[in-house]
Amino acid sequence: MMESGEALLKKLDGRLSGLRGRLTPDTGMDKITWFRAGGPAQVLFQPSDEEDLSAFLKAVPEEIPLLVVGIGSNLLVRDGGVPGFVVRLSAKGFGEVEQVCDTQLRAGAAAPDKRVAAAALEAGLAGFHFYHGIPGGIGGALRMNAGANGVETRERVVEVRALDRKGEVHVLSNADMGYAYRHSSASPDLIFTSVLFEGVPGERDDIRRAMDEVQHHRETVQPVREKTGGSTFKNPEGTSAWKEIDKAGCRGLRVGGAQMSEMHCNFMINTGNATGHDLETLGETVRARVFENSGIRLHWEIKRLGLFREGEQIEEFLGKIV
């Protein structure tokens, strides 16, 4: 069991006094994640801007755990909570999107994907319509190479600005990000703060039509009005995760308050009172049944974070304790 957030802040007494952002001990992550489940962050920090974030990183000893989250759309937090500091970039300091030249946009890491799509439409830049259908923020999109409708984040990235654990600035090229399917090999210790995107001039009517098609498709096939974290598993090579889940008889499968959506069975939903343990157990049960049915090993797309409650554990489907 982790100690209280107040105790952690007391240990750092004086180190954090000059920060302008908000420090909140023992904050429920169920208020942040779209699943509306999970234990508390020991301390939540919301920096005012990049300078404030840098000062925070320079003040916090590297042995103290630190986790960065965005708008919470792709996170499953375990019920024992998240030790150390959880950093959440605010829309006020990191959420702006601006056109910097004819074909380029700069976006803060806390900007919702939809805001980037809207800014691109206003600027007459094609190639960003897919963001209109992704329920997340740009920081997460950069980290996992988010994509939809056959387009990926890596196709639009010019460079990414980031801070390391020492608070130093780094500028990463597209190649530095090491993109692959739903993955970036950039150091997990880097905190992305903004990105420079490159688009292609296009007709606004065509861009708007593409965005409308994305939105219509999403509302037609995805449980957009449920408490969900988005796609649960990455698509295996040569097939779709939802097809394998369906073939294994897992559409609508429930564990406690967690369910694989009847509408789109690669989406886990919280039906009202699911715990983090319910959600993760359901996911591992689905992985086991798919493997038994087809020999395919599904890999989590949702990020699982934090500690189990005392006395709890979950076996991965191959019998390995996680």
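For all residues, glycine too, the Cβ spot is worked out from N, Cα and C.
Under the heading domain 'FAD-binding PCMH-type', Swiss-Prot lists 36-202, citing sequence analysis as support. Under the heading active site, Swiss-Prot lists R182, E301. The active site, proton donor annotation in Swiss-Prot covers S231.
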**Report entry** Rounded to the nearest Å - Cα separation of R182 (active site) and E301 (active site)
**Finding:** 8
**Report entry** Euclidean distance between Cα atoms of E301 (active site) and the residue listed as 'active site, proton donor', Å
**Finding:** 7
Query raised in the report: Just how many other Cβ atoms lie inside 10 Å of the Cβ on S231 (active site, proton donor)?
Result: 23
Report task. Summarise the model's confidence over the domain 'FAD-binding PCMH-type' (36-202) as a mean pLDDT value. Result -> 96
Query - CB contacts for E301 (active site) [other CB atoms within 10 A, all chains] - result: 18
Query raised in the report: Once the DSSP letters are reduced so that anything not helix or strand counts as coil, what is S231 (active site, proton donor)?
Result: strand
